[in-house]
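Asker: Input: one structure, supplied below.
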Amino acid sequence: MNSKIFAVLLLLGLLSCVLSDQYCPKSSITACKKMNIRNDCCKDDDCTGGSWCCATPCGNFCKYPTDRPGGKRAAGGKSCKTGYVYY
């Protein structure tokens, strides 16, 4: 009996981990001078250790996902370049 309860609780715990939504963290910066815009990444593959490429006003940076919405994932694309971006 105890093993069945444990199995059900374990399954519920795994399900909650799999089904929980993940987001880029919300940036605390609301504006950035054009000369300070830098992209460390253009897509998730540019990041390591399970981090995502997230967009901020100062460029794209690798961040670890969070369960709180508010951030924005980097769009990437052919026009995205890493390094300092001058418009």
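Each Cβ is built from the backbone N, Cα and C atoms, and glycine gets one as well.
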Asker: Among CYS32, CYS54, CYS58, CYS62, which cysteine does Swiss-Prot link to CYS47 through a disulfide?
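Answerer: Checking Swiss-Prot, the candidate bonded to CYS47 through a disulfide is CYS62.
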Asker: According to Swiss-Prot, which residue among CYS24, CYS32, CYS80 is joined to CYS58 by a disulfide bond?
Answerer: CYS32
Asker: Pick out which of CYS17, CYS80 Swiss-Prot lists as the disulfide partner of CYS42.
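Answerer: Disulfide pairing in Swiss-Prot: CYS42 with CYS80.
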Asker: In Swiss-Prot's disulfide listing, CYS41 is paired with one of CYS53, CYS54. Which one?
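Answerer: When Swiss-Prot is consulted, CYS41 turns out to be bridged to CYS53.
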Asker: Suppose you look only at the domain 'WAP' (21-66); what would the mean pLDDT be?
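Answerer: Across the domain 'WAP' (21-66), the average pLDDT comes out at 94.
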Asker: Select the most exposed residue of CYS24, CYS41, CYS47, CYS54, where exposure means the fewest other Cβ atoms within 10 Å, treating these as the disulfide-bonded residues.
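Answerer: Selected from the disulfide-bonded residues CYS24, CYS41, CYS47, CYS54 on minimum Cβ neighbours within 10 Å: CYS47.
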